[in-house]
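Participant: Feature annotation from Swiss-Prot assigns compositional bias 'Polar residues' to 191-201. Among the features that Swiss-Prot reports, region 'Disordered' is placed at 175-201. Look at Swiss-Prot and you will find 14-34, 46-66, 74-94, 97-117, 142-162, 227-247, 254-274, 288-308 tagged as transmembrane segment, backed by sequence analysis.
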Amino acid sequence: MDLLTLEGWLDNTAFAVLFLTMLLYWCGAAFPQWPLLTAAGRTGMAIANLCITGLLAARWIEGGYFPISNLYESLFFLCWGLTAMHFVAESISGQPLVGVVTAPVAMGITAFAALSLPPEMQQSAPLVPALKSNWLMMHVSVMMLSYATLMVGSLLAIALLVVTWGQPVNLKGSSVGTGSFRSRRPEPSLEASTGNGGTTVLTPPALQLSLQRLTLAETLDNLSYRMIGLGFPLLTIGIISGAVWANEAWGAPWSWDPKETWALIVWLVYAAYLHARMTRDWQGRKPAILATVGFGVVWVCYLGVNLLGKGLHSYGWFF
């Protein structure tokens, strides 16, 4: 089997495995009494990560350079980072809901790369002169890992918003998300006769968050903060290394290129998130909304800017 055939087999296998993994995690969340579903989903995520690792290794051997120079390669590297950070988040929390939100995004990325990109975009090509640098691996890989980590943190924040949707719940505690307790606004109650001259107070179930969901909300809030706290330094290192590389390649560390501008916007959004958590003691829904905004901004920075087809970072242009 030649490398091209192996690559085609691995990218399609990664997509199929991630699709099944997504279904397993969703079924595991719907039927928590069947823990084997979640265990199978975890195994599927590991298999997908190994398939992508093999794909990237084959591309590296074929091209002779770190495989992150075009859109196809960067999408699979992003998916590799996403599946790797999935295991980091799941090992920290032991919460299977992590896979419920990460598996569909990873599956969507592989589907776009393997099934939507034209064949010429999937082929390995010689590096353009500007990319023939040792900074390629340092800058681009760190940036992609930061995107993957921030995406996982933001996806967990989105899950928190879904879990607490329509509920006036506040999480209060330390800035690092530990030692928190729950508080809810007063909820309307109803009085009903007991039949023996007394009354009992009833609280409408629809207006309550169960203890299990409150605990889940706390876990998601804490885990989202930890993952974003991990991704933000990676993003900072990636931006700084890019500035150093740009200064060597083009004579200026910053040129307000569209990709550079949006990377700065991403940095500012997550800096605001961390600032609010550390100095304003934000927890729960408010920082989750900010992280959700960050999720969209990351995608604009990574993929949306490529739609312009302009600037020094337009190597991923595909129209």
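Using N, Cα and C of the backbone, Cβ positions are placed for all residues, glycine too.
Mind mapping these onto the model and telling me what they sit next to?
Facilitator: Beyond its flanks by at least six residues, the transmembrane segment (14-34) meets 40-41, 44-45, 47-48, 51-52, 55, 76, 79, 96-97, 99-100, 103-104, 106-107, 110-111, 114-115 of its own chain at Cβ-Cβ distances under 8 Å.
Same-chain residues lying 6 or more positions outside the transmembrane segment (227-247) and placing a CB less than 8 Å from one of its CB atoms are 85, 88-89, 133, 135, 138-139, 142-143, 145-150, 152-154, 156, 253-255, 260, 263-264, 266-267, 270-271, 273-274, 291, 294, 312.
If you look at the transmembrane segment (254-274), the same-chain residues 6 or more away from its ends with a CB under 8 A from one of its CBs are 143, 150, 228-229, 231-232, 235-236, 238-239, 242-243, 246, 287, 290-291, 293-294, 297-298, 300-301, 304-305, 308, 310-313.
Long-range contacts of the transmembrane segment (288-308) within its own chain (CB-CB distance under 8 A, at least 6 residues past either end) are made by residues 71, 78, 147, 150-151, 153-155, 157-158, 160-161, 221, 224, 228, 258-259, 262-263, 265-266, 269-270, 272-273, 276, 314, 316-319.
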Participant: Mind pulling out the one from 74-94, 97-117, 142-162 with the most Cβ pairs under 8 angstroms to the transmembrane segment (46-66)?
Facilitator: 74-94
Participant: May I ask for the residues of the chain that lie six or more residues beyond the transmembrane segment (97-117) and have a Cβ under 8 Å from a Cβ within it?
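Facilitator: For the transmembrane segment (97-117), the nonlocal Cβ contacts are 11-12, 14-15, 18-19, 21-22, 25-26, 28-29, 38, 41-42, 45, 48, 52, 71-72, 75-76, 78-79, 82-83, 85-86, 89-90, 151-152, 155-156, 158-159, 216, 220, 223, 318.
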Participant: What parts of the chain pack near the transmembrane segment (142-162), using Cβ distances under 8 Å and only residues at least 6 beyond its ends?
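Facilitator: Distal contacts: 68, 74, 77-78, 80-82, 84-86, 88-89, 97-98, 100-102, 105, 217, 220-221, 223-232, 234-235, 237-239, 241-242, 263, 266, 270, 284-285, 287-289, 291-292, 294-295, 298, 301-302.
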